[in-house]
Each structure stands twice: as structure tokens, then as C-alpha cells.
Amino acid sequence: MKDVIVGLGERSYPIRIEAGLLAQAGDHLGRFARGGRLVVVTDENVAASQLPALTAGLRGIALETIVLPAGESTKSWAMLESLTDRLIDLGVERSDRILAFGGGVIGDLVGFAASILKRGCGFVQIPTTLLAQVDSSVGGKTAINSAAGKNLVGSFHQPDLVLIDPDVLATLPPRELRAGYAEVVKYGLIDDLAFFDWCEAHGDDVLSGDAEATVEAIAHSVSAKARIVGEDERETSGRRALLNLGHTFGHALEAETGFSDVLLHGEAVACGSALAFRFSAAQGLCSQEDAARVGFHLARSGLPATLAEAHVDASGEALVAHMAHDKKMEGGKLPFLLARGIGETFLAKDVDLAEVARFLDGER
Ligand SMILES: NC(=O)c1ccc[n+]([C@@H]2O[C@H](COP(=O)([O-])OP(=O)(O)OC[C@H]3O[C@@H](n4cnc5c(N)ncnc54)[C@H](O)[C@@H]3O)[C@@H](O)[C@H]2O)c1
Ligand SMILES: O=C(O)C(=O)C[C@@H](O)[C@H](O)[C@H](O)COP(=O)(O)O
Ligand SMILES: [Zn+2]
């Protein structure tokens, strides 16, 4: 068992990583069940493929289960209302624990519901996608999407515990595995060239389900995320904003494709990261070689690295318009995560959006 601690004073919590952990879920969750009930919230695909294993692992610990539709559209006001109503109907008390059992969609929605239900209930993350295991289950960003864009309504609400069983990835569709891999590569791009080198050498192993490489990718990623979140929980110092690499472009691509299956979040992040590096190169900040190396690795991992590969044919102006609600916006200016090289990203505060739009037009 590998334990990583997210160090946030009294809100600190462990992330436990071990193959087969689902079968022992009861050992880790028993202490919560003694003080109240466990309510599992999951989606229909996870319910079909992994819920029996979790239920067996909980060995009779009292639990209720709520199954929601799968997909990004579940991060909505309507689902938030329906979920909180159902939790209230079940008589959930603040001493109960809500288990988010699914990918980032379930984790983000359930975390948000837990943060507002009865002014704040405890919750536990049991992530079932690679993306959720390496990124969304850690750090306490919770959200739903609004009509104007991605994650625009949400809260910071840390879980009490994160249980990661890499074996659950056996049933994850390959496209979803690749999408999660984009957020793994992100940690190398941000500040860790050696990890990007590791990704180039072992990314294929992760994508083919090799157990050792998968655990290494997860453990390295959550350690990096825990460190950054511990330094800047609420994204106030600029440190946590590094985790947003590729997301300003990426969220605009997701908005342009209607938050649909045309482009998954991880795919948008892959393309957004490639764009951030090429824009940095175009600005003379980083070498063309590094930008090409990033795009090449993402593309050979089966991820979109160009607008065409992301199925986006919008003008630069239209894409920049989607960025107007980015949460990094400050005084009407939008800071961008740019790069001086692989592993050397920084928050640039003086980017001219007209120049971004021209760059994106050149990418079409
Ligand atoms: N809070 C954060 O810090 C953070 C970080 C990154 C991403 N996110 C958010 O996460 C969301 C994307 O998460 P995601 O990529 O996990 O997508 P997702 O939750 O939609 O899951 C992807 C698909 O895989 C299915 N699935 C999940 N686990 C499975 C399993 N083990 N076997 C079979 N099918 C399984 C789901 O039903 C779904 O159809 C986005 O909304 C994104 O904004 C949040
Ligand atoms: O944890 C963070 O901080 C991140 O930015 C992680 C991202 O991968 C994630 O997609 C996050 O939800 C984006 O945050 P947002 O603030 O741009 O909505
Ligand atoms: Zn992301």
C-alpha cells in the first residue's frame, strides 16, 4: 500500500493506492460507518462494472446507493438539485459519509453536493477512471458546469479520504484511459522534465494496462498534485494555477464542442497543452523543438494535439470568447500558463488575447 498525504492542517487526508483495494474498502471505511451511514453515489457505467466489487468489499456496512446518468452533462444544476433532494430524502446527516464512486464527473458533482448539503457533509473519493485517480479525486475542487461554461459554479471542499484501486481501470474504455493519460503527462510538462522523459519511455505501458507502470503513473501524479495543493489550496498564490496548464485552451475547446463526447476533458487538455506550448514557441518563450516534442508524444499516445484532431473548426475569436469566464481572470486580464521549456511552465499575466486569437486562426 502506498499512502500519500495531502497536507492541509486539520483538513489533511490520506490518498491510499493499492491494487485490490476495493475488496478491502470496508477496512478503510468502517470508522466512518461507525459514526453514521455510507451513501454511495455512482454512475450507470460504474454501477454495472464495479459496484458489485465495492459492495462486496464493504462487507455489509450499511449503505444506500444512488446511480446517476454517465457523462459530462451530469455536472449540471438539474443533477445537483436531484442529487441533494435524494440525499435529503434518505435522511443523510452530517455525520454520514457520501462516497463518490466514479470518474471526475461523479467526483466533482458529489463533492459539490457534499459541500452544500446541510452546510457541509463529509465525503470520500473512490475514483474509477485514470483521470480521476491522477487528478480530480485530489485537491477538493468541486463543480458543475453552467450555461456559460465549464466548472463555473462550485466550491473547494476536501474529501476525508481517497481510495485508489488501479485494478478498476480494467473495465475502463481505452479512449477514457488515454484521456486520463493527458493529465498524467501534464505533471511532467508543468515542472518535472524527468517525469516527462518517464512518460515518453513508459506511456505505452500505462496505456496497455501494465500494472507496475500504472501504479507508478498514479503515485507520481498524486504526489505532485498533493504537493501543489498543500502549497496553495485555493489557487491564490499562482502555484496551483500551474495545474491548469492546457485548460484555458482546453475548456474553450470543450465549450465549442458542447461538453459532449466529441471531445473528452482529457482530450481537450491534451490539445490545450500542445497549443500552450506552440503558442509559447510562437512568442519566442520556448523552443520549437520542445513544442514539437510535446505534440508528438501526445499524438503518438492517441490524443488530439491539433484543432483538427480535436474536431474543432472555430475561429480564434470564437475560441477566445469562450475564455471570458475563465476563473483565473483578474481585472479583466486573463493570465495564461505558458512554457519556457518542458517542465518549466509559468503564469504569464500580460498575454494579448487578440494575439491568442491570431495564433489560433493560424492553427486552423
Ligand atoms: N476537480 C478536479 O480537480 C478535476 C480535475 C480534472 C478533471 N476534472 C473533471 O473531471 C471530469 C472528467 O472526468 P473523467 O474523465 O473521469 O470522466 P467521467 O467521470 O465522465 O468518466 C468517463 C466515463 O468512464 C465511465 N467509467 C468510469 N469508471 C469506469 C470504470 N472503472 N469502468 C468502466 N467505465 C467507467 C463513466 O461512466 C464515463 O462514461 C470533467 O468534468 C473535468 O472537468 C476535475
Ligand atoms: O486541481 C486543479 O487545480 C486543476 O486545475 C486540475 C484540472 O485538471 C481540473 O480540470 C480542474 O477542474 C480545472 O479547474 P478550473 O478551476 O479551471 O475549473
Ligand atoms: Zn483537468
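Each residue, glycine too, has its Cβ placed from N, Cα and C.
For the Zn(2+) site, TrEMBL records His247, His265, and the single candidate of Glu183, Glu200, Glu309, Glu317 listed with them is Glu183.
The 6 Å Cβ screen around ligand 2 retains His247 from the binding-site residues Gly104, Ile106, Thr129, His247, ordered by sequence position. Of the residues the record lists as binding NAD(+), namely Gly104, Val105, Ile106, Gly107, Asp108, Thr128, Thr129, Lys141, Lys150, the two whose Cα atoms sit farthest apart are 22 Å from each other. DSSP gives Lys150 (NAD(+) binding site) a strand state. Note on proximity: of the binding-site residues Glu183, His247, His265, the one nearest Asp108 (NAD(+) binding site) is His265, by Cα distance. In this structure, the CA atom of Lys150 (NAD(+) binding site) is 10 Å away from the CA atom of His265 (Zn(2+) binding site). Here the CA atom of His265 (Zn(2+) binding site) lies 14 Å from the CA atom of Ile106 (NAD(+) binding site). In the structure shown, across all protein chains, Gly104 is the one of the binding-site residues Gly104, Lys150 with the greatest number of other Cβ atoms within 10 Å.
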